[in-house]
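Everything on this sheet refers to the single structure shown next.
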């Protein structure tokens with residue numbers, strides 16, 4: 001499919017979609033599943049074959065029925081009304097914007113978002129996403145295939161501070177942290193505590209402690225949340241742009257509108273609603289079980 005024309009109207013619709021995403025995520029407490037949708041759409045990228053990536057293909061049944069994507073049809077359906085109100089936006093952009101907003105609304109860092117991803121109808125083969133039952137070698141195989149680094153692996157794993165696992169989707173059950181709708185560095189703090197009653201630690205989580213290269217980032221992020229936020233924002237941006245080359249030229253307002261003015265506005269709103277999101281989160285988790 002052709003790349004979208006990112007003109008003034010496209011940017012207006014991105015801004016509108018951002019506002020609607022804030023409202024949806026705040027009212028439904030669905031930040032975890034929106035982050036998971038963004039991750040799983042982008043995380044299929046293969047740097048060698050230049051296939052997969054953040055291209056919106058996860059909206060097709062062929063892909064959302066992959067075992068690793070169980071439950072994500074919920075997020076896809078929740079986003080359809082927003083897509084209808086901002087029809088120029090590609091699904092690829094919408095899904096990545098949803099992940100960015102999910103992090104910010106729950107108190108996490110601002111992740112730079114540049115629009116222009118093209119949609120694809122070509123679904124990658126199953127098996128490109130991480131298997132939670134495996135270890136460090138598997139994590140490197142998956143993330144290096146995307147073109148990402150050890151630091152990216154650990155920083156992005158910190159996204160497990162949001163949400164919980166459900167047995168019908170992953171075979172595992174439980175949240176990683178005490179406040180699964182608050183984005184902070186508690187994932188790493190809990191990881192260093194060892195086994196905690198009621199909290200989840202996947203084999204891939206434990207691998208971060210056992211591998212020396214991974215472990216140094218775990219220790220760093222546990223003691224320095226600011227550094228975690230900085231590194232996470234950089235790694236999330238890289239993930240969200242897999243298979244996409246942001247515009248390097250064109251209207252000066254394209255990048256500045258989204259990376260400066262809009263960021264200031266979204267940050268202010270995000271701080272205001274973060275507390276409310278945490279309060280309502282457990283009610284939503286109980287009723288919807290959205291990861």
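Cβ coordinates are placed from backbone N, Cα and C, and glycine is handled just like the others.
Swiss-Prot lists 161, 177 as binding K(+), and of 152, 184 the one it places in that same site is 184.
In this structure, residue 184 (K(+) binding site) belongs to neither helix nor strand by DSSP; it is coil. Summarising the environment of residue 40 (active site, proton acceptor), the number of other Cβ atoms within 10 Å of its Cβ, over all protein chains shown, is 21.
Neighbour density for residue 160 (heme b binding site): within 10 A of its CB lie 26 other CB atoms from the protein chains shown.
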